[in-house]
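Asker: Residues annotated as Zn(2+) binding site in TrEMBL: 70, 75, 152, 157.
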């Protein structure tokens with residue numbers, strides 16, 4: 001239920017071209033630190049939008065590979081080890097931070113992100129339609145919450161990732177994510193402490 005189909009960029013659009021450029025950099029063995037830097041002449045919001053959607057797709061897929069092992073019995077709390085507990089708040093059904101089992105948290109998180117990235121008022125797909133003034137704040141919240149998926153997977157389910165032989169893929173995805181959010185200062189350093 002937490003797995004979502006990938007969101008794609010329309011061919012011929014500027015964001016599709018940015019997405020292709022980002023993918024080409026990643027697939028060419030280029031230094032990830034260099035690959036996340038804003039390309040000359042490009043708008044930061046476009047670059048961030050492309051990456052947020054891409055990270056959503058990738059992290060959703062990573063969680064999808066271990067979700068059958070992340071149950072209310074094995075993970076009764078959404079956490080990153082004994083020191084970090086993540087509570088859900090969406091200002092709709094959950095108006096106050098609420099402790100939830102990890103799979104329920106993940107399901108709410110993926111639904112919430114999907115709602116954000118499919119909202120044309122937040123992530124416009126038409127050329128010339130401006131991003132909202134609070135776009136970067138929304139993206140920071142999305143990325144912060146996606147980071148929590150990495151924390152949970154690494155601390156509670158990395159044995160499964162190893163059994164599948166997927167650790168190189170997960171590690172590369174995490175490195176790309178980490179370099180991107182630190183390059184553009186999109187996640188508070190304290191949030192990054194668990195990993």
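From the backbone N, Cα and C atoms, a Cβ is placed for every residue, glycine too.
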Asker: Restricting to the same chain and to sequence separations of six or more, state which residues have a Cβ under 8 Å from that of residue 157 (Zn(2+) binding site).
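Answerer: Counting only residues 6 or more apart in sequence, the Cβ neighbours of residue 157 (Zn(2+) binding site) under 8 Å are 66, 69, 70.
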Asker: In this structure, which of the binding-site residues 70, 75 has the fewest other Cβ atoms within 10 Å of its Cβ?
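Answerer: Minimum Cβ neighbour count within 10 Å, taken over the binding-site residues 70, 75, occurs at 75.
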Asker: Quick one: which residues besides 70, 75, 152, 157 have a Cβ within 8 Å of the Zn(2+) site's Cβ centroid, in sequence order?
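Answerer: Near the Zn(2+) site, beyond 70, 75, 152, 157, sit 66, 69, 74, 102, 103, 106, 153, 156.
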Asker: 10 Å Cβ neighbour count around residue 152 (Zn(2+) binding site)?
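Answerer: Other Cβ atoms found within 10 Å: 24.
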